[in-house]
Amino acid sequence: MANKNVGTITQVLGAVVDVRFDGQLPAILSALHLEHQGKKLVLEVAQHLGESTVRTIAMDSTDGLTRGTEVVDTGAAIQMPVGPETLGRIINVIGEPIDERGPIGNKTTLPIHADAPEFVDQSTETEILVTGIKVIDLLAPYCKGGKIGLCGGAGVGKTVLIMELINNIAKAHGGYSVFAGVGERTREGNDLYHEMIESGVIKLDGPGSKVALVYGQMNEPPGARARVALSGLTVAEYFRDVEGQDVLFFVDNIFRFTQAGSEVSALLGRIPSAVGYQPTLATDMGALQERITSTKKGSITSVQAIYVPADDLTDPAPATSFAHLDATTVLNRQIAELGIYPAVDPLDSTSRVLDPRVVGNDHYQTARDVQRILQTYKSLQDIIAILGMDELSEEDKLVVSRARKIQRFLSQPFHVAEIFTGSPGKLVAIDDTIKGFKAIVAGEYDHLPEAAFYMVGGIDEVIEKAKKMAAEAA
């Protein structure tokens, strides 16, 4: 123990632990280790209090922790196992496996705190990432190496959409993915793991797994939830920087990262800012988001679920996230109530790459025409509610009819929801999506019933469904 820097615990306040060091004080963000109930407990230094005491945040429960316990300074930040050995495994915030399948066997570890790539190392190419989901590919397309946000209140389908994207992109993409479960339901994390095993994305009996899972779920203390996104990102950065891969990085949910940060901030006694959030909200978010970027070696495309408290998009937590995103997919409760899934709002969702120079004129024009029709329908809804459809002009009636068909055609059965809905999932090629919407806008399918457009894949299925409906009616 002679060369180790050892301190003793002087105070335990929930997740906050004060430690006194007689020798040198550990640096801020250093990891401290101690034995607690037969397990390793990690504390991260957050503040220096006076000459000999540090205030730390615990990464696990502090129940049963007593004053006087010895703590060892590691002299470095929390270290995360990285490399191909992490694929197919579930790891917690401090890099320990939690899937009961033995040690990870990694050869390399990296600290979870790192600088963002230098300005000169970043890549600026723009290319569309096809998801196979009609509403996204047409109206708010994702960009390779970009940041994508899925925003919505509770229970509108963020996690289902993220799981469908993992299913569609991770399988078609062939590269590696990293999933960071930040403060979400343990049940969903468990479901995701077993679904990945069933679909072959994770292989239990040998190499070939394509995804690493890093979990810090709702039941974890705030310290773990505030750091698990960084732990997951460290695994993804290794694949980008060392192996030159194009990595997919999924975060569910980025709001919980902010929420945990606000809990930690309050425990540390900082004065809160707007709506009770931490004063360092923008700094914390920037430190995470700036590391998620594409370099000349490889790229990280990140898909982040963003919980919107009380469906208020102006809340500081989602509003701070938006500043960093290339595309936002907004999920709307009113659309979910109509039974249209994915409940993506076609007018609120935005994308930086919906630009004729990136997607081409045909795609751009079709998307804008679809939005124009939907916007006109939205502005006519008050008149329809008060006076009824009969008071509209013939031209407006036609717009409403097409808008309702477009609205239904934006729905789509998902592979991951097959077990609930019983209808097989559909993956639609982007050319088919553009062709279908272009034809609806042009009025080529004005004669088909609205119901034929609901929960189908491409436009050919609409025609089939309409024939079937006509045959049944006859």
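Every residue gets a Cβ built from N, Cα and C, even glycine.
If you look up Swiss-Prot, you'll see Gly152, Gly153, Ala154, Gly155, Val156, Gly157, Lys158, Thr159 marked as ATP binding site.
Feature map: Swiss-Prot annotations on the structure.
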residue: Gly152; record: ATP binding site; CB count, 10 Å: 27
residue: Gly153; record: ATP binding site; CB count, 10 Å: 17
residue: Ala154; record: ATP binding site; CB count, 10 Å: 11
residue: Gly155; record: ATP binding site; CB count, 10 Å: 10
residue: Val156; record: ATP binding site; CB count, 10 Å: 27
residue: Gly157; record: ATP binding site; CB count, 10 Å: 21
residue: Lys158; record: ATP binding site; CB count, 10 Å: 27
residue: Thr159; record: ATP binding site; CB count, 10 Å: 21
Non-site residues, in chain order, whose CB comes within 8 A of the mean position of the CB atoms of Gly152, Gly153, Ala154, Gly155, Val156, Gly157, Lys158, Thr159 at ATP: Tyr307, Leu331, Ala336
Conformational class of Thr159 (ATP binding site) under the three-state DSSP mapping: helix
